[in-house]
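Working notes, structure below.
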Amino acid sequence: MSDDAHQILHAGHIAIVGRPNVGKSTLLNRLLGQKLSITADKPQTTRHRILGVLDRPEGQIALLDTPGIHRMPGKRALNQSLNRAALGALAEADLVWFVVMADRWDDEDGYILESLRREGRPVMLVINMIDRLNDRARLLPFLEKMGRLHDFVEMFPVSALKGDNAERLAESSLRYLPEVDAKPFAEDQLTDRSMRFVSAEFIREQIMRSLGEEVPYAAAVTIDHFEERPTLTRIGATIWVERDGQKAIMIGRGGERLKSIGSQARKSIETLLDTKVFLELWVKVRAGWQDDPRFLRQLEMDESRWPKT
Ligand SMILES: Nc1nc2c(ncn2[C@@H]2O[C@H](COP(=O)(O)OP(=O)(O)OP(=O)(O)O)[C@@H](O)[C@H]2O)c(=O)[nH]1
């Protein structure tokens, strides 16, 4: 019998949870070695649950990136659906990565820890952004404080941005996942989401990055057509906003802003698909979309599907 036959494989789901803007998506992308989940220097960038497949010799992790959990989602259907997506991911997780910022703990984190306790899954504490600490000696008392709050299976200081300790986090986590006879995903499968869906997200990423405080949150993206050819992918997409004024801002003087959003998004979609991309964007007004559950469902476009481990 070859050595391979003796290798024990582990596979399962890990949900990445935490309050908005702690670096959950950055961590997912760092481990995947490519961008899948969008990131920006603003809270609430992630609106959907994204599954990324980490393939390692010892097994596979289906990593679920989730929207940041809000303590007070209010009445908005959008905020409520963000919390549902995040908490729903917990229900199917074999292990949870609870991401917090190094040397920072506040009520929002406390609220999430309460939800995790109720769910009862094993939780690993991921202490992110250690590169931002001026004095690493502050980590030790922080770790002690965290250790008193909950019986975490492990605590991992990492820098999602620089990569420090991220691979060790993945390796250690594999051991907590169920043993399997075979890897559930093809080794080159990146996600369960369609490329159409990820492309819409990459367009939204550029909107988040290039506009000020209000307009990005009023924007949603749908894909109108998506034709893949071996060397060229043609994509047409609509950016939905709530009001005429926002449409004008999105387009910018002489169409400059929309052009720049399109060209940045095109570049990241080209890297993802490994083809040239021809991207056409339209901006349309749809008042009240954030409060319209039917439209929110339409934004999901395709339901996540993955093999059960
Ligand atoms: N210095 C530093 N910055 C980081 C690190 N991880 C993430 N960031 C930055 O923090 C910001 C937020 O990161 P995201 O990955 O979008 O955060 P998120 O938790 O997914 O945010 P939501 O989508 O709002 O839930 C981005 O500007 C990242 O570049 C890190 O380890 N160090």
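Cβ coordinates are placed from backbone N, Cα and C, and glycine is handled just like the others.
TrEMBL: automatically predicted annotations, no manual curation.
As recorded in TrEMBL:
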BINDING   Gly18, Arg19, Pro20, Asn21, Val22, Gly23, Lys24, Ser25, Asp65, Thr66, Pro67, Gly68, Ile69  GTP binding site
DOMAIN    10-179  domain 'Era-type G'
DOMAIN    203-287  domain 'KH type-2'
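Feature map: annotations from TrEMBL on the structure.
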{"residue": "Gly18", "record": "GTP binding site", "CB count, 10 Å": "24"}
{"residue": "Pro20", "record": "GTP binding site", "CB count, 10 Å": "16"}
{"residue": "Val22", "record": "GTP binding site", "CB count, 10 Å": "26"}
{"residue": "Lys24", "record": "GTP binding site", "CB count, 10 Å": "31"}
{"residue": "Asp65", "record": "GTP binding site", "CB count, 10 Å": "27"}
{"residue": "Pro67", "record": "GTP binding site", "CB count, 10 Å": "27"}
{"residue": "Ile69", "record": "GTP binding site", "CB count, 10 Å": "22"}
Binding-site residues whose CB lies under 6 angstroms from ligand 1, from Val22, Asp65, Ile69: Val22
Integer average pLDDT (0 to 100) for the domain 'KH type-2' (203-287): 93
Max CA-CA distance, Å, over listed GTP-binding residues Gly18, Arg19, Pro20, Asn21, Val22, Gly23, Lys24, Ser25, Asp65, Thr66, Pro67, Gly68, Ile69: 13
Assigned conformation of Pro67 (GTP binding site) - DSSP reduced to three states: coil
For the domain 'KH type-2' (203-287), the number of residues DSSP places in helix, strand and coil: 41 helix, 29 strand, 15 coil
